[in-house]
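Annotated in Swiss-Prot:
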SIGNAL    1-34  signal peptide
TOPO_DOM  35-300  topological domain 'Extracellular'
DOMAIN    35-96  domain 'Sushi 1'
DOMAIN    97-159  domain 'Sushi 2'
DISULFID  C99-C141  disulfide bond
CARBOHYD  N114  N-linked glycosylation site
DISULFID  C127-C157  disulfide bond
DOMAIN    160-225  domain 'Sushi 3'
DISULFID  C162-C210  disulfide bond
CARBOHYD  T163  O-linked glycosylation site
DISULFID  C191-C223  disulfide bond
DOMAIN    226-285  domain 'Sushi 4'
DISULFID  C228-C270  disulfide bond
DISULFID  C256-C283  disulfide bond
CARBOHYD  N263  N-linked glycosylation site
TRANSMEM  301-321  transmembrane segment
Amino acid sequence: MAPPGRRECAFPSRRFPGLLLAALVLLLSSFSDACEEPPTFEAMELIGKPKPYYDIGERVDYKCKKGYFYIPPLATHTICDRNHTWLPVSDDACYRETCPYIGDPLNGQAILANGTYEFGYQIHFICNEGYYLIGNEILYCELKGSVAIWGGKPPICEKVLCTPPPKIKNGKHTFSEVEVFEYLDAVTYSCDPAPGPDPFSLIGESTIYCGDNSVWSHAAPECKVVKCRFPVVENGKQISGFGKKFYYKATVMFECDKGFYLNGSNTIVCDSNSTWDPPVPKCLKGYPKPEEGILDSLDDWVIALIVIAIVVGVAVICAVLYGYLQRRKKKGNADGGAEYATYQTKSTTPAEQRG
């Protein structure tokens, strides 16, 4: 019986650990008969807040996420089974929202980057040859609220057209009366007759065409008199390209007389500046200098580096060879001493050995 003035505890301290253990066992047994949180999916989400555990037979429902829509009759719910797992369920019932269909632009193509119109993907546009794109080359399928829409207007393909090519001084081009040229339309330039004794030469491309981006393929050529001076090489002779006058792109070849060598190129061409390119060569007396050797073409520091490497290599080889000879010499001395001792032993008489 408790002493007077002291209340007796309703739950003796000895019984409290036992009651706590029993409650824990009861709680664990209730968890063992339950399912953990239900599975998560990319296309659908749980309706309501998840709980830490669910009773056997308890059902949870899902709904399609934003940007997805439901297509029956596939189930969007699951039930906690007797084996404490959730019955199989998938988000195949939820489909991505899709953007409106976009066909090929006139004179072009629309290419689905991922083969689908679903949001998050893109579509590319290209134009046929002879047309160019006006607008966005790529459109993205985006969500606006819960609706999928394209992020811009589809482009259009316009025909490549060129303005007339430039007119040139002392010349003309074909189709000069045409005001608009289409893709790959070509014109050819020619020079007018010259008023003097020397003709005009056409410098540049004679034919140009309307190309991509409505730009002509080459700059317009020019017509002017190009005449190079008569090339003379002392102690040499011309062997091809003979003529009294040398106009644009005239080509001449030379060779030197016996006992002389050519200093320069043996072939020269009259360029657009009325000069020979390369310059007219010279024939010098004697014979050409021999071509420089390998060492002549190297810098001084490279040659020094090669010499140092050779010296170091020779030193290493000599050191290895010296060490090898020294070991052979020591081994020979040791073998000679042993043979001499054996010879001495064999040459002594029995009496000497006993003495």
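Placement of Cβ uses the backbone N, Cα and C atoms for every residue, glycine included.
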Number of Cβ atoms other than its own within 10 Å, given for C191 (disulfide bond) | 21
Measuring Cα to Cα, how many angstrom lie between N114 (N-linked glycosylation site) and C270 (disulfide bond)?
-> 59
Close disulfide-bonded residues near C210 (disulfide bond), where close means Cα within 10 Å, chosen from C127, C141, C270 = none
For the domain 'Sushi 2' (97-159), residues assigned helix / strand / coil by DSSP = 0 helix, 32 strand, 31 coil
Cβ distance under 8 Å to C228 (disulfide bond), same chain, sequence separation 6 or more: which residues?
-> F246, Y247, A250, C270, S274, T275, W276
Hey, how far is N263 (N-linked glycosylation site) from C256 (disulfide bond), Cα to Cα, in Å?
-> 10
What are the DSSP helix/strand/coil residue counts across the domain 'Sushi 1' (35-96)?
-> 0 helix, 23 strand, 39 coil
So for C210 (disulfide bond), how many other CB atoms are inside 10 Å of its CB?
-> 22
Looking only at C-alpha atoms, tell me how far C127 (disulfide bond) is from C162 (disulfide bond), rounded to the nearest Å.
-> 17
Looking at the recorded positions C99, C141, T163, C191, C256, which has the shortest Cα distance to C157 (disulfide bond)?
-> T163
Recorded positions near C191 (disulfide bond): from C99, T163, C256, Cα within 10 Å gives none
